[in-house]
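To keep things clear, I will list the structure first and then write my remarks on it.
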Amino acid sequence: MNLKKKQQHQNHVGNDAPSPGSASHAIGSHLVCALGLALSFWVSHSFFSTNLISDPAHTLLLIWVFETPIVVLVYSRFRKNPKECSYWKAVGQGLLGIPLGALINILGAIALGAPVGIQYLPRTINWSVLMSLLTFVPAACVFGSSWTDWQRVFAHTKPIGAIDYMICLPAHGAIIGAWFGAWPMPLDWERPWQEWPVCVSYGAMAGYLVAMVASLGFALVRGARLPLKQD
């Protein structure tokens, strides 16, 4: 009986463990996504002579156009149940998640006080698409319509493997970073970077990158501890 219980415990732990090499895959995937953001800034500055302060709408457009194929193609590799969900189906789920995530981010931003008006519409739309890529699209690629996984990772914040940490922590980091980035907006300093959504965008991307590093740490620690439990 004790041997049977031990085997059941090992099987349970093994089901929670990340797939082989998933921690190293997380490092490579995060590195690619981070480099994509850096390159998008470089392209907008070098080839279009624009930045978030001088032309927020255009710069955000360039960033999300550059980052979209990177995020979708990278995270579709980690789709759940690959036997039932092909790679290109996961890509389709990620692309479908872009407008859905953008709508959620627009509604959330307006509810928290983002300016509403025709003059702000291009900025808000492009910002919301970028936020969708940072928060919503990775989960859409990996989980698809699995509501149980969405609840576990976002509502209950209970990641159980390297891929979950890759999705959960950067998404929360982007949201928290955007929230902190919005703090200087109401101040009467009259600086160009206080305009919507300049500081919010910088805050979101900074929070996203910091949370990426944190997620790698959690993934590596999780991957190191599970084999010890199995022994």
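Note: Cβ is positioned from N, Cα and C throughout, glycine not excepted.
All TrEMBL annotations are machine predictions without curation.
Annotated in TrEMBL:
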REGION    1-21  region 'Disordered'
TRANSMEM  27-45  transmembrane segment
TRANSMEM  57-75  transmembrane segment
TRANSMEM  96-121  transmembrane segment
TRANSMEM  127-150  transmembrane segment
TRANSMEM  162-182  transmembrane segment
TRANSMEM  202-221  transmembrane segment
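Only pairs six or more apart in sequence are counted, and the transmembrane segment (57-75) with the transmembrane segment (202-221) gives fewer than three Cβ pairs under 8 Å, not enough to call it a contact. Where the transmembrane segment (202-221) meets the stretches 27-45, 127-150, 162-182, the count of C-beta pairs under 8 angstroms peaks at 162-182.
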